[in-house]
Amino acid sequence: MAHDHKVLDALDAAKTQWYHFTAVVIAGMGFFTDAYDLFSISLVTKLLGRIYYFDPNSKTPGSLPPNVSAAVNGVAFCGTLAGQLFFGWLGDKMGRKKVYGMTLMLMVICCLASGLSFGSNPKGVMATLCFFRFWLGFGIGGDYPLSATIMSEYANKRTRGAFIAAVFAMQGFGNLTGGIVAIVVSAAFKARFDAPAYKDDPAGSTVPQADYAWRVVLMFGAIPALLTYYWRMKMPETARYTALVAKNAQKATADMARVLNVELADEQRKAEAEEVQRREEYGLFSREFARRHGLHLLGTTVCWFMLDIAFYSQNLFQKDIYAAVNWLPKAETMNALEEMFRISRAQTLVALCGTIPGYWFTVFFIDIVGRFAIQLGGFFFMTAFMLGLAVPYHHWTTPGNHAGFVVMYAFTFFFANFGPNSTTFIVPAEIFPARLRSTCHGISSAAGKSGAIVGSFGFLYAAQSTDPTKTDAGYPPGIGMRSSLFMLAGCNVVGFLFTFLVPESKGKSLEELSGENDEEAAPAPGQSSHQTVPTNLSE
C-alpha cells in the first residue's frame, strides 16, 4: 500500500453526491430509533404509575415509586453504556458493517418485547419492561460508535462534519416523532374510551384499555429500524476499514468504485503493485497511543461526560416548567389518557422549538466555523444561561415571571445542541486511527452515558427541596433546585476547559488527523520524514 491510499484520497476529494445522502439516512435512522426509544419512556411513565400503582385511598393519581421510576428510566442508559464499549470494540475487530446489522436486529426485537409483559401484576410488568429496555439500550449503544464511524469514513473531508452532524440530528426527529406518536395514540384512545377526571372518579379515570396505549407507543419504535435493515445490509464495508484495518486495498477500491462516481480502476492496479513494509501497529493500551492520542481521548471523554450531566438533568425541569406555564394542569384534574396527551404535546413543542433548530444550526455551520469554536461557544452559553436561571432563581419562580424562565431554559437546550451535544459526537469519529476509531468513539460515548446516569439520577435526588415536607413522594430532601443549577453550570465550565485538549478537525483528512499517514511512511534511516520511501523497484 502506498503511504497515502489513492482510494482514500479519492474519497476525501469526492464530490458530495446522492450516495452520501443515502448514507446519512441509513445511519441516521439508527439514531432516529435510538432517540425515539430512549425518550418515549418519559411520555408513558405517568401512565404506568396510574395503571400499576393505583391507590384508591390517595387524593393524587398513582405514580411510580422512586426506585421503580429510576429503574424504568435509567436501565436503558446502563445498557447503552455497556453496548457502546462492547460494540465499539467489536466494530474495530469484525468490521463496521457486520456489527451494524446485529445492533439493529437487537433493537427491533427488544423494542417489540418491551411492549409485551409477563403477567399483569406491577412487579412482572416492570421487571419485563426493565429487562428488555436494558437490552434495547445495549443495541442502541452499539449504534453510537458505528453510525459515527461509518459516516466519518464515507464522507469527503470538506463536508464531513455536516454529514456526521446530520446523522446525529436525526435524534431530534426521533424525539419529535415519539411525541407525535404518543399524541395520536392518546388522542385516539381518549376519543374512543372517555373517562372522568381522577378527582371525580379515582378508579374510573384510568380505563382498562389505557394499558394498550403505552405498549403501542413503545413498540412503534421497531418500525423505522426494520425499514432500514435491508439498506444497512446492502451498504458496503467502509473503504477505510477494508484498506487500513483489513489490509485489502483491492476490495476497498472495488467497493468504493461501486458507490462513488470516481474512476478507480487504475488506482486498483497501482494498489496491487505496491506493497510496503508496515511498522508494528500500536494498540489502545500502548505507550505510543498514550503519546499520540492520550490527551485527545481524555478531552473527548471528559467533555462528553460533563455535557451529558448537564444535558440529561435538564429534562428534570421539564415537568416543573410545563406546570409553571400551565401546559400541564394538576394531575388529579385529568384522566390518565388526557395526562399522557398533554405531556406528549409539551415535549413535542420543546423538540420543535429548541432541540431540532440547534441540531441543524450545527449541520449548517460546522464545516464553516469548525468544531472547536462551536463546542467552546456552546459550553460558554450553557454556563451563562444556567447561571441566568440560578442566580435570580426566586425571581423566576414567582408567578408572572415564568415566561422568562422558559425562554432561558429553551436557550440552554439550543446551545447544547448547537454546541457540545453535537460536537462531542462528531470529533471522536474523526481524530483516532481507523483500527481504533470505533473503540475510542465507544469509550467517549460511554463516558457520556455515565454522565447521563449521574445527571438523570443524581440530580433527581439533588434537586429535591431542602424542606422535607416539599419533596416528591418517596424522596429524601436534597440540596434544592437552585444549588443544583449552580452545580450544573460548574459542569459546563469543566467541559469548556477540557475542550482545549481536543484538536480542530475541520477540513483535514482522517488519516492526517490520526497520524496514519506518518506511521505508514516510516522514514528509513538517513531520510527526512517528508520524503516518501520508494515502494517498489520500478518507482
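Think of each number as a place in line: the chain as shown, counted from 1.
Every residue gets a Cβ built from N, Cα and C, even glycine.
As the structure is a computational prediction, the values presented were derived from the model and not from experiment.
Per TrEMBL, the feature transmembrane segment maps to 21-48 (among others).
Confidence across the domain 'Major facilitator superfamily (MFS) profile' (23-507), taken as the mean pLDDT and rounded to a whole number, stands at 84. The annotation domain 'Major facilitator superfamily (MFS) profile' is assigned in TrEMBL to 23-507.
Away from its own ends, the transmembrane segment (68-87) comes close to residues 37-38, 41-42, 45, 48-49, 53, 99, 102-103, 122, 126, 129-130, 133-146, 438, 442-443, 445-446, 449-450, 452-453, 456-457, 460 of its chain (Cβ-Cβ under 8 Å, at least six residues beyond either end). Per TrEMBL, transmembrane segment is recorded for 68-87 (among others).
As annotated by TrEMBL, transmembrane segment applies to 99-118 (among others). When Cβ-Cβ distances below 8 Å are used as the criterion, the transmembrane segment (99-118) is approached by residues 30, 33-34, 37, 83, 87, 90-91, 124-125, 127-129, 132-133, 135-136, 138-143, 146, 150, 214-216, 218-219, 221-222, 225-226, 228-229, 232-233, 235 of the same chain, each at least six residues removed from its ends.
Under the heading transmembrane segment, TrEMBL lists 162-189 (among others).
Among the features that TrEMBL reports, transmembrane segment is placed at 212-231 (among others). Residues 22, 25-26, 29-30, 32-33, 36-37, 40-41, 43-44, 47-48, 51, 101, 104-105, 107-108, 111-112, 114-116, 174, 178, 181-182, 185-186, 189, 337, 340 of the same chain lie 6+ residues outside the transmembrane segment (212-231) yet bring a C-beta within less than 8 angstroms of a C-beta in it.
Per TrEMBL, the feature transmembrane segment maps to 294-312 (among others).
Residues or ranges marked as transmembrane segment in TrEMBL: 349-369 (among others). Beyond the transmembrane segment (349-369), the same-chain residues lying 6 or more positions past its ends with a Cβ under 8 Å from any Cβ of the stretch are 158-162, 165-166, 168-169, 171-173, 175-176, 179, 318, 327, 410-411, 413-419, 421-423, 426, 506-507.
The transmembrane segment annotation in TrEMBL covers 376-396 (among others).
The feature transmembrane segment is assigned by TrEMBL to 402-419 (among others).
The annotation transmembrane segment is assigned in TrEMBL to 440-463 (among others).
The transmembrane segment feature in TrEMBL is assigned to 483-502 (among others).
Annotation source TrEMBL lists region 'Disordered' at 509-539.
Marked as compositional bias 'Polar residues' by TrEMBL: 526-539.
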Among 21-48, 294-312, 376-396, stretch most in contact with the transmembrane segment (402-419) (C-beta, under 8 angstroms): 376-396
Non-local residues, at least 6 beyond the ends, that sit with Cβ under 8 Å of the transmembrane segment (483-502): 295-296, 298-300, 302-303, 306-307, 309-310, 313-314, 371-372, 375-376, 379-380, 382-383, 386-387, 389-390, 393, 420, 427, 431, 459, 462-463
Tertiary contacts of the transmembrane segment (376-396), as residues 6+ beyond its ends and Cβ separation under 8 Å: 307, 310, 402, 404-405, 408-409, 411-412, 415-416, 418-421, 423, 481-482, 485-486, 488-489, 492-493, 495-496, 499
